[in-house]
Amino acid sequence: MAEVASNGPTPASTTSSEPVPLDTIPVSPDGAVTDATNGATNGHSDGKIVTVFDDPANFNVKHALQNTWTLWFTKPPSGKQDWSELLKEVITFDSVEEFWGIYNNITPASELAQKSDYHLFKSGVRPEWEDPQNKHGGRWSCTFKSGKANDSTWLDVMLAAIGETLEDEGDNEVMGVVINIRRAFWRVGLWTRTAGQAPKKGSAAAEEGQDKELGKKRLEKIGKNFKNYLQLPETEQVEFSGHADSAHSGSSRAKAKFAV
Ligand code: MGP
């Protein structure tokens with residue numbers, strides 16, 4: 001194994017079982033940060049692949065993600081508190097290294113208190129039905145009875161989101177992913193920009209001749225990808241519901257519009 005020089009900033013430990021404060025995570029080390037892609041989209045530039053070992057002392061090579069993501073946390077209510085009082089923005093990141101720095105130092109889903117949620121959303125989108133970029137959208141979701149999902153279920157879904165493998169290029173549907181920790185179950189969700197409705201008159205999609213059926217097919221394909229990452233057997237389904245219905249009923253358990 002390559003030897004890593006001992007001088008330079010020490011990254012937060014990844015082996016400690018104690019969660020460390022987020023502001024100690026070396027997500028933005030001092031000094032210049034090397035973009036591992038060197039501005040190229042495939043990680044190669046001039047035929048050279050840059051890895052963390054190019055500068056092991058400073059630990060400052062970053063592999064850029066296609067999008068910038070923000071982690072949010074909903075804390076369990078203590079008494080009567082509004083949804084918006086409980087929802088907290090945690091941290092924003094845009095590289096693979098930052099993702100792992102954060103993931104390895106926050107409380108795993110399995111250790112969260114009941115009624116907590118993690119939300120991982122594209123930067124600039126609040127994980128709420130009311131956000132302008134969500135309000136016409138919906139959610140694929142899957143409920144796992146206690147013990148039927150674990151930390152890797154949530155990790156796989158986050159990696160699929162930040163790795164942009166849930167949708168086809170140009171779909172521009174995925175807004176974020178969510179895990180709800182509840183007494184008797186975990187619910188994993190994938191939020192989309194649309195909900196299978198006909199495109200608005202005059203919109204780019206309408207002008208391209210896209211119709212309701214096409215929108216629904218696009219969402220179903222995303223639902224199937226989601227189901228694969230959740231490793232669900234063919235006999236189980238993930239369900240899609242619209243945020244407008246959830247907002248109307250005041251509950252996330254709005255009636256499913258379709259399932260795959
Ligand atoms: P939940 O956490 O999505 O589902 O919503 P849970 O715990 O299964 O509960 P249920 O009530 O849907 O059966 C819990 C509650 O948080 C909802 O009832 C809403 O009051 C509130 N809430 C959840 N979301 C995602 C939103 C949101 O986007 N906007 C607002 N205003 N309230 C929300």
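Glycine is no exception: its Cβ is also placed from the backbone N, Cα and C atoms.
Positions annotated as compositional bias 'Polar residues' by TrEMBL: 7-18 (among others).
Annotated compositional bias 'Polar residues' per TrEMBL: 35-44 (among others), in sequence order.
The compositional bias 'Low complexity' feature in TrEMBL is assigned to 241-252.
Among the features that TrEMBL reports, region 'Disordered' is placed at 1-45 (among others).
Under DSSP, the residues of the region 'Disordered' (240-260) split into helix, strand and coil as follows: 7 helix, 5 strand, 9 coil. The region 'Disordered' annotation in TrEMBL covers 240-260 (among others).
Only residues 6 or more beyond the boundaries of the compositional bias 'Low complexity' (241-252), in the same chain, are considered here, and those with a CB under 8 A from a CB of the stretch are 129-130, 134-139, 141, 180, 187, 191, 195-196.
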